[in-house]
Amino acid sequence: MKALRGYPILSHGPFNNPQQYRKFSASQDLFLVGPTETQLSILQDLLQRCGRKGEPLEGKACHGQIVRFGLQTDTLTSNMLINMYSKCGFVDCARMVFDEMPMRSSVSWSTMIGSYTRIGDKEEAVGLFKQMQREGAEVDGFTVAGVLCACAAKLAMFECKQLHAFALKTATHSNAFVGTALLGVYARSGFTGDACQVFESMPERSDVTWSSMIVGYVQNELYEEALKLFRESRKMGVEDNQFTMSSVLSACAGLAALIEGKQMHATILKCGFDSNIFVASTLIDTYARCGIIEEAYIVFSSVEDKNVVVWNTMISGFSRHARSMEAMISFEKMQQMGMCPNEVTYVAVLSACAHKGLVEKGRRYFEQMTKEHNLSPNVFHYSCMVDVLGRAGLIHEAKGLMDKMPFEATASMWGSLLASCRVHGNIEVAEVAATHLFEIEPDNAGNHVLLSDTYAAKKRWAEVIRARKFLKESEAKKERGKSWIEVKDQVHTFNVGERSHPRIVEICSRLEDLLQEMEKLDYTVDTKHDLHDVEELRKQELLRHHSEKLALTYGLMSLPPNVPIRIMKNLRICGDCHSFMKLASNITGREITVRDTNRFHHFKNGSCSCGEFW
């Protein structure tokens, strides 16, 4: 057989089994006397099968027969060849077929552009789109959507906006594929307003469109908007898919909305998505982030074919709840099950070591990832090790590790080091860390607070005054602390010095009673945890009405006896509130869980799961 220029044509090619060979040979016999319409149809069917099953050798043999009988001039057949080569990963061969076509349809252009989109080659996709316009070819919605997807993969916003304008000009913006691609790239780039505008303007929306918008909200941490849109999609009868389910669960996790998370779990079971490995992984993460690690483990145990993502999610959950032993046991068990740890696994297990002060374990894991699993530590692994060393009081070793890193230290690392300096009273390193943080995060007032705390712990009052003055003169603003608690399907949010809640008078009265009972046990409000520039009495008043204390009191008033109380907080819990929660758990006999920005604190019988290591 004569080979076409540039194509490695085979007469038959090696087939996977004799039956497959006989089937293809029989089709070849049809062409001994020349092709007919039926025989052409058989060849086209074979091409489609080769594309679906990824069988390039058989596809090339088909191509040989097409060339043999001069059928490559048929536009439909050439389109199928382009599609087959593209799906089999031979994009160069697809382009050769495309370039030698005497006549191209819009499907030809769309298929070739789609080939480049599939491999993430934005430049070729855009170049082909420009060539298409120069040659006066008809542009349809599928073509525009294909180029958009290629640009979206590279977050090329300039090109995407140009394509948006082109779509408006050519009236292809109403196409569902174009609209979905547009809102997807806007959402991924943080332009959720533009994404929402595209979504609202679409005359028709597919389930993929709804899913893309929900995913976009979650990616930009607009969790409440994501849940609202999901409810709307349910009312509209939109079919659910695994991406929607995972995204809505992520929104529940972000809000720590346990009730909504349980409702989603029921929906997942009803729809049969519980066997999906990614949905199951997100469900484990949701329960862990909502404070119920036991329920997360039940879901984990029910997953039959666990992959590395499921194991990582469970290990991360144990770490977040200071269940370091369970995290390390899971780490060893996953390897016994034949799973190889990846970078994410090591971040989770190193974080578990940091939360319990397991320095030697942390060092061993840090070395093991390179020696045993050939993984190069990235910025997250170094950040975890800085945390491991710093929390244990090895401040200078942590600083030395940062100095030796192959990349610049991040704000997270300097922040971790500064927090460790505050706990262990290392003013020298604290000032170095704070200087870097002031440059990297000039608007983060929390760094000024940490430095001031470090000075205050050493009774360096002149430096405390200077730090406070510097904070006051800067434009940095301290984030206002807030806590929220879920009671009877409603989320109640409290701020420090809260006055807007309808039951605030009753809450404050009940809180005062609780504080008086604690004072009998020698509890006193520790004003060193309040850095407001106000008088001592005012500081005591502010600390007495910290948001988590108000949330706890409301929980005691509203939830049945013996029901655990779960509180979520947007900042790190302060030392005074930590002491308060321990005493409250002892006096009331309640289990209290507080999730702050770093971890979960489980208070029971006067002690905390963190073991005072936080």
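Cβ coordinates come from backbone N, Cα and C, glycine included.
These figures come from a predicted structure and were not determined experimentally.
Annotation source TrEMBL lists repeat 'PPR' at 74-104, 105-139, 206-240, 307-341, 342-377. Taken from TrEMBL, the feature domain 'DYW' covers 523-614.
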| remark: Reduced to three DSSP states, the repeat 'PPR' (74-104) has 22 helix, 0 strand, 9 coil
| Sequence-remote partners of the repeat 'PPR' (74-104) [C-beta within less than 8 Å, at least six residues beyond its ends] | 5-7, 40, 43-44, 47-48, 50-52, 54-56, 59, 62-63, 66, 111-112, 114-116, 118-119, 121, 137
| said: Just to be sure I understand, if DSSP states are collapsed into helix, strand and coil, how many residues of the repeat 'PPR' (342-377) fall in each? | reply: 27 helix, 0 strand, 9 coil
| field | Close approaches to the repeat 'PPR' (105-139) from elsewhere in its chain (Cβ under 8 angstroms; 6 or more beyond its ends) | value | 75, 78-79, 82-83, 85-86, 91, 94-95, 98, 146-147, 149-151, 153-154, 156, 159, 170, 172
